[in-house]
Amino acid sequence: MKIMRKNHPMLKIINHSFIDLPTPSNISSWWNFGSLLGICLMIQILTGLFLAMHYTSDTATAFSSVVHICRDVNYGWLIRYLHANGASMFFICLFIHVGRGIYYGSYVLSETWNIGIILLLTTMATAFVGYVLPWGQMSLWGATVITNLLSAIPYIGNTLVEWIWGGFSVDKATLTRFFAFHFILPFIITAFVLVHLLFLHETGSNNPSGLNSDSDKIPFHPYYTIKDLLGILLLLMTLIILALFFPDALGDPDNYTPANPLNTPAHIKPEWYFLFAYAILRSIPNKLGGVLALILSILILATFPLLNTSKQHGLIFRPISQTIYWTFVANLLVLTWIGGQPVEYPFTMIGQIASIFYFTIIIILMPVSNTIENNIMKF
């Protein structure tokens with residue numbers, strides 16, 4: 001078996017990627033989230049495939065088909081809730097994965113980092129079009145509000161919105177194409193994941209100390225396969241508890257009302273994992289400015305390799321940068337909370353302050369703290 005694993009053309013690739021892969025001996029549990037994201041993606045594709053077998057992408061029957069899945073299909077309710085809550089677990093793992101990358105300076109592996117940003121954007125797009133499919137109130141109005149933002153683009157905005165809608169409002173054509181996008185995007189994500197891994201294995205993994213670990217590597221299997229297995233079991237346990245006991249904890253009650261274009265919900269808001277970006281969008285009174293801030297809130301991650309001036313790798317030995325990092329995390333949680341609140345005082349004011357702080361921390365405070373720490377350490 002060992003000879004076959006090392007010589008067979010197909011098994012050799014798998015062997016070099018998952019079995020005999022040289023891995024730093026000191027990587028912590030924060031490095032588990034890459035494999036957890038892979039498991040989340042597999043769960044989403046499998047449950048999504050079974051849901052697609054029973055779903056109809058027509059405005060007249062979409063809501064009823066989801067009800068049919070929950071009531072009449074064998075374990076349809078379980079598949080639906082695993083898929084809906086699986087998306088939340090996916091984003092929790094995704095945010096922690098990005099957060100770990102920032103904390104431990106993984107952004108210096110710029111190719112892997114940039115593919116990761118593309119993956120984040122593609123996953124957000126997939127989740128957005130997926131939220132429209134049940135055709136509840138929040139599905140319709142969320143799709144209307146978010147797609148309407150494109151009308152802020154000068155000259156071509158309105159034409160672009162109508163082109164995406166396939167008409168003059170979010171209707172049957174929009175739902176059909178969103179279903180097509182939601183079906184194909186996970187496979188595009190899978191392709192990007194392979195490219196992400198390809199670039200990662202070119203350079204090798206980062207590690208908590210931030211030092212070169214070429215002199216101290218161990219094989220990925222069995223050491224990290226066992227470690228990942230524990231993470232996978234904890235993830236599955238959390239997901240199953242969520243799907244069985246609290247299936248609607250992270251959803252919106254408005255989405256249990258069939259879509260009605262004549263009745264606007266009191267508070268239109270996206271799923272919880274988009275609330276931080278939604279708060280940044282709402283904090284700017286100008287429509288185009290809000291859209292640009294929304295896009296920049298994600299694309300600003302690409303500036304990390306450019307703004308990094310520290311002579312040390314990661315934040316593990318840098319207390320000033322650590323303080324700024326955890327302030328940034330707290331600020332993100334504030335933005336997430338504000339995104340779910342109504343547009344009124346004091347929430348608008350808090351949102352504006354938190355949005356300014358979000359960009360200030362990344363563009364000004366982090367590079368300044370790098371320079372201060374370099375001077376203290378006399379680098």
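Any Cβ shown, glycine's included, is placed from N, Cα and C.
The heme b b562 binding site feature in Swiss-Prot is assigned to His83, His182; the stated evidence is similarity to another entry. Around His182 (heme b b562 binding site), the same-chain residues six or more apart in sequence whose CB sits under 8 Å from its CB are Gly48, Thr126, Val129, Gly130, Leu133, listed in sequence order.
Under the DSSP three-state reduction, His196 (heme b b566 binding site) is assigned to helix. Within 10 Å of the Cβ of His196 (heme b b566 binding site) there are 21 other Cβ atoms, across all protein chains. According to Swiss-Prot, the feature heme b b566 binding site maps to His97, His196.
Secondary structure from DSSP puts His201 (ubiquinone binding site) in a helix. Marked as ubiquinone binding site by Swiss-Prot: His201.
Among the features that Swiss-Prot reports, transmembrane segment is placed at 33-53 (among others). Residues 69, 79-80, 82-83, 86-87, 89-90, 93-94, 96-97, 100, 182-183, 186-187, 189-190, 193, 228, 231-232, 235-236, 239 of the same chain lie 6 or more positions beyond the ends of the transmembrane segment (33-53) yet place their CB under 8 Å from a CB of it.
What Swiss-Prot lists as transmembrane segment is 77-98 (among others).
Sequence-distant contacts of the transmembrane segment (113-133), counting only residues of its own chain at least 6 positions beyond either end whose CB sits under 8 Å from a CB of the stretch, comprise 55, 57, 62, 66, 87, 90-91, 94, 97-98, 101, 106-107, 139-140, 142-143, 146, 170, 174-175, 178-179, 181-182, 185-186, 188-189, 192-193, 195-196, 199, 270-271, 273-274, 298-299, 301-302, 304-305. Residues or ranges marked as transmembrane segment in Swiss-Prot: 113-133 (among others).
Listed by sequence, the residues of this chain that lie at least six past the ends of the transmembrane segment (178-198) yet keep a Cβ under 8 A from its Cβ atoms are 17, 38, 41, 44-45, 48, 52, 55, 57, 112, 115-116, 118-119, 122-123, 125-126, 129-130, 132-133, 143. Here Swiss-Prot flags 178-198 (among others) as transmembrane segment, drawing on similarity to another entry.
Long-range neighbours of the transmembrane segment (226-246) within the same chain, counting only residues 6 or more positions beyond its ends whose Cβ lies under 8 Å from a Cβ of the stretch, are 29, 32-33, 35-36, 39-40, 43, 78, 81-82, 85-86, 88-89, 93. Swiss-Prot lists 226-246 (among others) with the feature transmembrane segment.
Remote same-chain partners of the transmembrane segment (288-308), defined as residues 6 or more beyond its termini with a Cβ less than 8 Å from a stretch Cβ, comprise 98, 102, 105, 107-108, 110, 113-114, 117, 120-121, 124, 149-150, 152-154, 276-278, 280-282, 355, 358-359, 362-363, 366-367, 370. For 288-308 (among others), the entry in Swiss-Prot reads transmembrane segment, with the evidence type similarity to another entry.
For the transmembrane segment (320-340), same-chain residues at least 6 beyond its ends with a Cβ under 8 Å from one of its own Cβ atoms are 99, 102-103, 269-270, 272, 274-280, 282, 310, 347, 350-351, 354-355, 357-358, 361-362, 365-366, 369-370, 372-373. For 320-340 (among others), the entry in Swiss-Prot reads transmembrane segment.
For 347-367 (among others), the entry in Swiss-Prot reads transmembrane segment, with the evidence type similarity to another entry. Nonlocal intrachain contacts for the transmembrane segment (347-367), taken as residues 6+ away from its ends with a CB within less than 8 angstroms of a stretch CB, comprise 279-280, 282-284, 293, 296-297, 300, 303-304, 307-309, 321, 324-325, 327-328, 331-332, 334-335, 338-339, 341.
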Counting other CB atoms within 10 Å of each candidate's CB, the least crowded of the binding-site residues His97, His201 is His201
The rounded CA-CA distance in Å from His201 (ubiquinone binding site) to His83 (heme b b562 binding site) is 30
